[in-house]
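Beneath this line is the structure, given in structure tokens, with notes to follow.
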């Protein structure tokens, strides 16, 4: 314990110390500042400084982006500083603030933006080539990747280790990283790579190279002349070549749009176009087009056809005058020279040269020779050659005799030519007999020596001789003139009017010289009629008639018909017009005018009336809902033939229509016009209410309302729907609902409080976007009934076989609570299976047959009633077990023999397995067909299945035997499955039939297993219980059908027959093939081939 004086000293010391270090609130001595920190992968830590003074000493907290930082593995406080471990650029970047606090209060530092320097990689996608012309400027874009912090840009050229130097031509922007080249030189071609370096992290990334290449548009250096004259038949070559980068592609074309000549040739470089065998059609303007990605250039030229001059050889008589024309085209205009036999032509008074024309008068033998015309200009010269032959000879008729015989009609005109070869030209005279002829009114000797006789009579007939003379001799030639009577058309065709479908005859009868045979030809509208190609036209008549018959006339037969008659002497003709009246042609120019919701105005022009005026027009319409074209009502109701407009009325609103117009006249109804463009009538309020409103049914608590939906063509507009209204019978308030579907035809109202079979008044209305339409008549509809409330009673089930069970039950009474029973559901499931997994069969009766079941199996069966509301409760399940399955083994060791007309069969007895029912009998049956006759030595096949009380077993394997000749007579027996026997040994079964039974067994199908005996055969058979079978086996795949009575077979195994015989008058259970024997039908017999 301190003494009083000691306490006093301590208090004094404490006051002294407090005065030297006073208490105060926090004051920052160091605050955080904006910073960028590099991200490192080793020892990556970041300090953000913060320090404050205070008494007492302050403690610190930090905020980032306005929220307080919780210290964890990433954040730590070191005194006041914030340590960030393993910072992440995204998670730890932000605005930081330091908070200092002591007992005097709290202060906030200034905000500091903290960032982290990083640099991502460039995309590896290749960069596009930059094309530039030499001398132009170019900018190469760097496109830096995402980054933060100061970065530096550089460029590398062609992968060199050093950076591209900047100079007056090249500049690298440190703001964008782009490289600028002020003027591109050839040495600048190459690959440029942008390099980006982060100055804080020293990370460096490289872009993909940017290729730079020099390109320029094509420049044509070699081209063809602007105008080029080309002579006929020569070959011309046009050259064109261009410089450029990329290498220009050269193409050729004609500027007039015509295709290049197909015979042209183009060399591998496309720089030479060759046109061989130049023709006039090859002349024109041609273009050479040089093109690359930088542009194109064109060179043009004109090819001018320069025709070859030609001269014709001249064979001329002495003293004649010669003239040759030599003409050539060219630019400049050509000049002409003439050569004779290769030497310049010597001019004389008789010889005249004028331009390209050569004229020689009074030629003589010395003028004969080869002449050439030479046309030339600065482009070249062309030649034309011809031979001149000067001939001196006496008159000669060897190549031009006077026609020996000339036939001419009386009253006609004849010209007799006389053209002998003579040089100089001969003088001509004519004589008849020995008398020389002189010119007269009817006879004239023309300047060229031709004799012309007009208005010939019979007396002009006879021999005529032409006499020719010149200085070198005289010659003559004789011909005979024969005069015939002229041909005349005595009954010409007459113009006629006809109606389509009629038949007419156009007559054409002639009188002629009896020695001449006429030929008849008919022309229609100037064209010869080919009767082999005509279905309606034929020519009839005798030797002097060529009448034309036109059957079943059509409009196309209207026109001018000409009958032309030819003989060897003359020709005559007569014409007639056939006018065909038919139904009018199609009206033209159909137009649709004003359109309303129920009408449309139409106008049209008239078509051809086919020679019968149009009396009326009718209008037809077609819609997507109509079957073909239908007649429509118009105003006026009947459109007269002089009116070309009408208004169609009674159209349905909002329906697409097409129209056409049909004209009629007194002949008939014409072809319709082309259909109009499709139009749509305007919308309107619906006018038709739904029909056949009814309802009922459904599930409990439902009111089902049904109606016939309104067809689309009667909905009158868009947004068509139905308004369904209903109310309980006797109430006044309607409930209604809107169904916006135009296809709706049913509405179900659900409310569990609706009593079953309650009466409701119901109506259905319509609407569209134009408004509401009418509603149907009010009808009374019943709500749904409820499901049956009771289950069927007295359900009984019995097994029929290994696969069939028959089920019976009492129907439930028809009461108001159960409603109208429409059927029953029978449920069947095996023991151990849940009822929910049961198989179900629906029937309408009170009995059902369940088939396809497994043998020796316990089944549970339940029944429930069904009405329109659903199924009622199930009856208590009853148990029933199916019978054992039939024998699985077939009879073995089948043996049979033929003796005369008998067949005897034997087989081994079948022993049932432990789970199979006992064998009670056998069936012998034909495999697939009724054997109408068994031929001698024909191989047959038999199957013998074993039978139990309710089943037929597996058919036995068969043995094959050939019959003997004694078995060649055959009859069809009774079906094998209907054989009956009595008192036969266990190993043999016999059967005998009389002819009377044949009539009742013939034609029984071979595959029949269930048979009913005809009365005649019943009287002739005695049946033991062991052989009787009365039921039809049910296939395993059948699900449900009515059962047949159970089998009454009661054989023991020891009594079973193991053989059968077919033959006449044998014991029961035998059958015979042979003459006059009862026919046999058996399943299991098939001829073997």
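Note that Cβ sites are derived from N, Cα and C of the backbone, with glycine treated the same way.
Taking TrEMBL as the reference, the stretch among 870-894, 895-919, 920-944 described by the feature region 'Disordered' is residues 870-894. On the 0 to 100 pLDDT scale, the model's mean across the domain 'Ig-like' (486-573) is 91. Each residue in the domain 'Ig-like' (486-573) gets a DSSP state, and the totals come to 6 helix, 42 strand, 40 coil. With helix defined as DSSP H, G or I and strand as E or B, the domain 'Ig-like' (326-389) counts 3 helix, 35 strand, 26 coil.
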